[in-house]
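Single-structure report; data block below.
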């Protein structure tokens, strides 16, 4: 318990400012945003002249179907541009915790099929999570301690308890809704999760859910809501994998 209490105490100072980032931290975040913007602009400028009013982050299945229908026209002739644009957008969304990556995963299945789609989603999701991890390492502490102090202390305590089986715990978190993936990405460097553990837990842990979502993208027109993604078999499979991954963690807890 000594180590756990010490770990929690390290998070005690909570910023009282409404905007907790310093000038330097704000500059870093702005530079990253600018870099993503330049990447997207470069992709846009290499596409043929056309009406791209359909290009926007999808917020509904209808938006996604419209985006899919239009991008299918360009995917065969401008595969590289579509891939780069997809990757930049997905990594940007993951880096800055922008909701809606589930729609991007569905789009990968609709445009590229299951095998290529899963590989693309796992790659971009891991790259985005890693980008968020390192950005948070530079500027994340004041934001997290200001916005989610209780959740951060909970995560710190759980990580401290499971140091000997941390990879299993990270796999469990990725496979279950215990904590949001976006929070895990941003909080992991603050609670001293080593990057190699974070990376392996992300790569391996995202594969099952990525497969379920990408496969659903093949029948995008049949989906009525996001809830249709997870049928009983899919949920049961993910739950079983999550239980298996956390078993060593529970055994370690009992032994201690």
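Numbering starts at 1 and runs along the chain as it is shown here.
Just so it is clear, glycine is given a Cβ too, placed from its N, Cα and C backbone atoms.
Curation does not apply to TrEMBL; its annotations are automatic.
Per TrEMBL, the features are:
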DOMAIN    98-217  domain 'VTT'
TRANSMEM  28-47  transmembrane segment
TRANSMEM  83-108  transmembrane segment
TRANSMEM  114-135  transmembrane segment
TRANSMEM  171-191  transmembrane segment
TRANSMEM  197-218  transmembrane segment
TRANSMEM  230-251  transmembrane segment
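Stretch with the most C-beta contacts under 8 angstroms to the transmembrane segment (197-218), considering only 83-108, 114-135, 171-191: 114-135. A mean pLDDT of 91 is what the model gives for the domain 'VTT' (98-217).
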